[in-house]
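S.K.: Sequence annotations record features per position, and here TrEMBL assigns active site, proton donor to His213. Under the heading active site, proton acceptor, TrEMBL lists Glu344. Here TrEMBL flags Asn118, Arg119, His213, Ser214, Tyr215, Asp280 as beta-D-galactose binding site.
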Amino acid sequence: MRQHTRVPIRHCETSVAPGLAAEVPRAWNSSTPRAFPMVSVTRAVFGDLPLGAGTVEKFQLQSDLLKVDIISWGCTITALEVKDRQGRASDVVLGFAELEGYFQKQPYFGAVVGRVANRIAKGTFTLDGKEYKLPINNGPNSLHGGVRGFDKVLWTPQVLSNGVQFSRVSPDGEEGYPGELKVWVTYTLDGGELVVNYRAQASQTTPVNLTNHSYFNLAGQGSPNIYDHEVTIEADAFLPVDETLIPTGEVAPVRGTAFDLRKPVELGKHLQEFHLGGFDHNFCLKRSKEKHFCARVHHAGSGRVLEVYTTQPGVQFYTGNFLDGTLKGKSGAVYPKHSGFCLETQNWPDAVNQPHFPPVLLRPGDEYDHTTWFKFSVA
């Protein structure tokens, strides 16, 4: 067993360096009126891949307010402990205690998904006159990068002073996608905020859309449902979908519909009122590369609040409609329908086939660079 190494540090801001370099911490000016919370990063073995294919490591990031466990298999968040208003910490993400849990058929708990998150209609797209065919793994469509997407590979970790950076090279033709893609996913902690940065560079023009697929339950994972969560999503429009969950192409205003979440709604009551089986839809955010507010979820019972900010033009709000109670999670938990929610910040689904959606193609010489902030607090 490898020794655990604990690296307690003074927190400093990270900025994204261009090119291949890891993020270089930028010290705050001494006159900055700001607390400097400590962040510790601990590294340990989580398990071994079958047939000697490598060792999966776990990185625990801890600040005064959050404790996050992330493994190098799929850059997966396996645990995230947040205090309630009484100061009691609970793990608020669904997942497994053992590596084997992640090898079974399971719905992308906590993982980074790609090369293209969400659905591509009929698993095909045309680029520069050439048709590409992807694995079909979700009805008639290709979902979350295919049969062996970024969630089902071992990434190379590098410990940072306030987090961890994972990298990998997706080879040309992997899961049917064109060109080699170099990818970096960086998790850093700043007090009550978990920051996820995604960067990629391509050798050939390719669609790229990366997100994290964590399922949250602010009452604590293992709680039976999310009906008592109050949800707000800062979106004036959403994408209606067909029966296979592919956007029809319409960008529909939310006003006067069940999708108007601009003011807080209590989820259970809202689903009942509109006779909805749940959400699994893309909400259209500001089309700005700057950081913008995306969503807020409040759990009144515990006081926990999650706010999401992002540079992405969309967020897939998913309410765990396909969870069915068959998976055994952490601490003996089972995960029935609606026992967790996802806020997958992303480009719009099937954008590679819908020219009026935000551009999804990454060209050689350009860099894909997006960040999402998960900010936890109590109210």
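Even glycines carry a Cβ here, placed using N, Cα and C.
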S.K.: Under a criterion of Cβ-Cβ distance under 8 Å and sequence separation of at least 6, what residues of the same chain contact Arg119 (beta-D-galactose binding site)?
M.R.: Asn138, Asn141, Ser142, Leu143, Thr244, Leu245, Ile246, Pro349, Asp350
S.K.: What same-chain residues, at least 6 away in sequence, bring their CB to under 8 Å of the CB of His213 (active site, proton donor)?
M.R.: Pro107, Tyr108, Phe109, Gly110, Ala111, Val112, Val113, Ala117, His144, Asp151, Cys342, Glu344
S.K.: Just counting, how many other CB atoms are there within 10 A of the CB of Tyr215 (beta-D-galactose binding site)?
M.R.: 26
S.K.: Rounded to whole angstrom, what's the largest C-alpha distance between any two of Asn118, Arg119, His213, Ser214, Tyr215, Asp280, listed as binding beta-D-galactose?
M.R.: 18
S.K.: Below 8 Å Cβ to Cβ and six or more residues apart, same chain only. Which residues does that give for Ser214 (beta-D-galactose binding site)?
M.R.: Ile77, Leu80, Val93, Leu94, Phe109, Gly110, Cys342
